[in-house]
Amino acid sequence: MNRKVLKVIDGETVFPPPIWMMRQAGRYLPEYRETRKKAGSFLDLCYSPDLAVEVTLQPIRRFGFDAAILFSDILVVPHALGRDLRFEEGKGPLMTPIDADEIFWLETEGVAKRLEPVYETVRLVREQLPDETTLLGFCGAPWTVATYMIAGHGTPDQAPARLFAYRFPEAFEKLLNDLADVSAEYLIEQLGAGADAVQIFDSWSGVLDEDCFERFCIRPVARIVQKVRAVYPQARIIGFPKGAGMLYAGYREKTGVDMLGLDWSVPLSFAALLQEEGAVQGNLDPLRVVAGGNALDEGVDAILERMGQGPLVFNLGHGITPQAPIENVQRMIDRVRGGKS
């Protein structure tokens, strides 16, 4: 087995570095758009193993990425908890906001078992993937998932969730712990179904002050890691606290994750320091892929120059956008694999 991404997570330097993209199965691909039409709703796509397998494999067939990431959504966890969830064109995910009293009635026992179609997708993808391709599972971090549950939709600064946490600290702590426990079970099931490693997406960690970051981001993720490792002691786990800034320092040590996913705002000088303590992943601005040309080439070259001589998985600093031209994605891959540093 020669899965380069796993070698990097374990701390090895592989050059040229392995590459995959967050949201690599997505709307920038015509084949994805066709499959999405067949599915009907977005949730039907997530919960239909045959279709979810197809979209997971599409970017592997087209680009030969070094990792495939399970096609699903971070909000299937609250959906399994019994919260309503729908996706509307142009509006993203919509939920009925949860209130403090409802949180105390949430039951976590057996919730992860309701996501069996996701695990079937993992099993089927692993059967069909090339042996050298790493299969990544994932979940949303409790803070990020909670922001959607409380506001009922995405917001620019997550003010509803922040205010809720200040006003109802006991309910909010229970919500984070419940989400951590269900998410841990969810990741354990994914690993059991054949995922090689898992990533925890904390897309909204950058809106918190230092104290709240510690309580709402660090502790719940550490709880997930601890519970996963109680079942799979060697589990490889990637943490992605997007927007954490200076608080990236110490995140790996405090949470127990193996590899740090970096957003594009992290200076490469700081990224290189973080790399001294272990593997990093990132961190090209997704809009450089949209722009192409020199903007793309210079961004790729800078990352390879500063971090190519250490354990690096090349990725974007967040998900690829639907506007990204396919030829620019190929240009990025060719440049990374060309190995300039």
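Cβ from N, Cα, C; glycine included.
What you are looking at is a predicted structure, and each value in this text was computed from that prediction instead of being measured.
Residues annotated as substrate binding site in Swiss-Prot, with sequence analysis given as evidence: R23, Q24, A25, G26, R27, F42, D73, Y148, S203, H318. Residues or ranges marked as site 'Transition state stabilizer' by Swiss-Prot on the basis of sequence analysis: D73.
Features recorded in Swiss-Prot, as mapped to the structure shown.
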residue	record	DSSP (3 states)
R23	substrate binding site	coil
D73	substrate binding site	coil
S203	substrate binding site	coil
Count of other CB atoms lying within 10 Å of the CB belonging to A25 (substrate binding site): 24
Local Cβ density at R27 (substrate binding site) - other Cβ atoms counted within 10 Å: 14
Maximal Cα-Cα distance (Å) across residues annotated as binding substrate, namely R23, Q24, A25, G26, R27, F42, D73, Y148, S203, H318: 23
For R23 (substrate binding site), the number of other Cβ atoms found within 10 Å of its own Cβ: 18
